Amino acid sequence: MEREGGDGGLALRVLQNRSHEKMKLRKRKSTLYLSAQERSTGRRRDLLGENIYLVLFTIALRIFNCFLVQTSFVPDEYWQSLEVAHHMVFNYGYLTWEWTERLRGYTYPLIFASIYKILHLLGQDSVQLLIWIPRLAQALLSAVADIRLYSLMKQLENREVARWVFFCQLCSWFTWYCCTRTLTNTMETVLTIIALFYYPLEGSKSMNSVKYSSLVALAFIIRPTAIIPWIPLLFRHFCQEQRKLDLILHHFLPVGFVTLSWSLIIDRIFFGQWTLVQFNFLKFNVLQNLGTFYGSHPWHWYFSQGFPVVLGTHLPFFIHGCFLAPKRYRILLVTMLWTLLVYSMLSHKEFRFIYPVLPFCMVFCGYSITHLKTWKKPALSFLFLSNMLLALYTGLVHQRGTLDVMSYIQKVCYNSPNKSSASILIMMPCHSTPYYSHVHCPLPMRFLQCPPDLTGKSQYLDEADIFYLNPLNWLHKEFQDDASLPTHLIIFSVLEEEISAFLISSNYERTAVFFHTHLPEGRIGSHIYVYERKLKGKFN
């Protein structure tokens with residue numbers, strides 16, 4: 001009986017195996033059939049893992065975004081990137097005190113220096129290309145980050161939530177305003193979003209410890225404070241990781257060693273000595289808190305002004321989304337709160353410092369919109385129109401004069417019979433305008449300098465402060481004979497009346513006016529005036 005039962009069982013298993021093989025063959029045949037049928041669909045999804053039309057739309061939008069931002073934001077977008085790159089490639093330009101004190105690293109400017117070098121070798125280093133190609137490169141990187149945010153949300157949730165998070169990201173006025181600028185904060189934000197795509201969030205299908213830690217390390221090399229938002233995220237990963245020693249020894253330490261070595265080698269080449277710029281940067285801005293030289297704000301500024309302004313009309317959707325989002329997103333809220341608290345402890349505060357956590361907010365805004373029913377269309381219209389109006393105003397109108405005046409200087413340079421026959425003095429708050437990266441001509445130029453006091457003097461005044469105490473007196477002391485006078489003066493309109501006696505006595509005539517802002521404040525006027533010195537007997 002046992003033998004018969006065994007033979008019957010054996011026969012049954014043989015039949016099952018044959019049936020299973022037929023099923024596998026059918027499945028294999030079906031797969032082949034579907035792949036042939038959907039070949040075109042596969043091709044459409046082979047760019048960054050998403051539909052190629054979505055990717056191309058995002059790239060086109062960010063390029064459009066780039067050309068619709070024609071205003072200045074902060075000096076660092078020129079002086080800590082493009083100006084340094086111009087000096088690296090063309091051997092003239094201006095390096096600010098941060099570079100003489102070795103507080104900045106060459107890793108980020110090297111990206112633009114490489115672009116400049118290629119343009120130079122091709123004989124295409126026109127000033128317009130030097131201005132726009134780096135910004136277009138930054139726009140492309142921002143588009144990649146946008147796509148990664150969409151892909152991540154599609155993994156964590158579904159296509160609908162991902163769509164609305166993507167919408168919130170694209171129509172954010174502050175993202176529009178910043179994402180194509182050559183700021184270290186912009187690159188920090190791009191790297192943060194892409195790193196989050198590989199971070200082991202619950203539900204993520206793209207987690208990769210080496211990739212995300214490499215991107216975080218690169219962000220730290222470019223801007224050392226980029227580590228601040230990642231401290232709670234790294235701590236969470238470490239606590240949840242079962243093989244903690246393996247994570248540190250085989251992932252974090254090798255990545256950190258390679259990126260830090262890369263940074264040290266690059267800075268060794270350009271500084272001429274071994275320099276750990278990340279330590280110098282943190283020592284100056286965090287430990288010594290010397291950034292207060294450039295302004296200070298009360299501790300609550302980020303909560304009362306900075307964060308609400310950066311979020312804009314997304315704020316009510318963000319608050320609503322915080323109550324709706326699943327518990328697994330609490331880590332993102334903790335990260336945002338931690339970042340705001342840490343930056344609040346530093347006296348010097350700027351809107352751009354919290355830009356890297358803005359995409360985190362979009363996750364909660366997207367959740368809010370997903371759960372709206374009756375008011376969804378009016379809410380979307382309000383969000384889009386309010387953000388676009390603000391984005392277009394800040395991108396095309398507010399603070400555009402300092403860029404427009406550089407076009408005038410370009411013409412002065414190229415219309416001069418020889419480069420030394422014309423000279424420019426920019427009598428504005430220091431670093432108000434770009435410099436040689438936006439002129440690309442070795443024209444003698446000068447601006448009012450404002451390095452901080454690194455010697456500990458109690459009553460320290462920089463050149464710009466001394467000038468504004470008594471502009472007329474400064475001018476008479478600085479230019480005691482006509483031969484030393486510059487051919488062109490550039491000033492804000494608020495200064496004109498105070499130095500009018502000097503302008504008349506030195507034969508200066510106003511030759512150009514550029515609108516700058518509807519919100520003049522202190523030393524910054526609503527317009528920029530260009531004065532040209534006319535020699536006697538040669539008036540136009």
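Each Cβ is built from the backbone N, Cα and C atoms, and glycine gets one as well.
As annotated by TrEMBL, transmembrane segment applies to 52-73 (among others). If one looks beyond the transmembrane segment (52-73) by at least 6 residues along the same chain, the residues whose Cβ comes under 8 Å of a Cβ in the stretch are 43-46, 132, 135-136, 138-140, 142-143, 146-147, 150, 170, 176-181, 183, 352, 391-392, 394-400, 402-403, 433-434.
Taken from TrEMBL, the feature transmembrane segment applies to 129-149 (among others).
Look at TrEMBL and you will find 213-235 (among others) tagged as transmembrane segment.
The annotation transmembrane segment is assigned in TrEMBL to 247-266 (among others). Listed by sequence, the residues of this chain that lie at least six past the ends of the transmembrane segment (247-266) yet keep a Cβ under 8 A from its Cβ atoms are 105-107, 110, 209-210, 213-214, 217-218, 220-221, 237-238, 241, 274-278.
Here TrEMBL flags 299-319 (among others) as transmembrane segment.
Taken from TrEMBL, the feature transmembrane segment applies to 331-347 (among others). Beyond the ends of the transmembrane segment (331-347), by six or more residues, the same chain brings 201, 228-233, 236, 285-286, 289, 291-292, 296-297, 299-303, 307, 322, 353-354, 356-357, 360-361, 363-364 to within a C-beta distance below 8 angstroms of the stretch.
According to TrEMBL, the feature transmembrane segment maps to 353-372 (among others).
Long-range contacts of the transmembrane segment (379-397) within its own chain (CB-CB distance under 8 A, at least 6 residues past either end) are made by residues 68-71, 167-168, 171-173, 176-177, 312-314, 317, 369, 372, 515, 518. Annotation comment: TrEMBL describes 379-397 (among others) as transmembrane segment.
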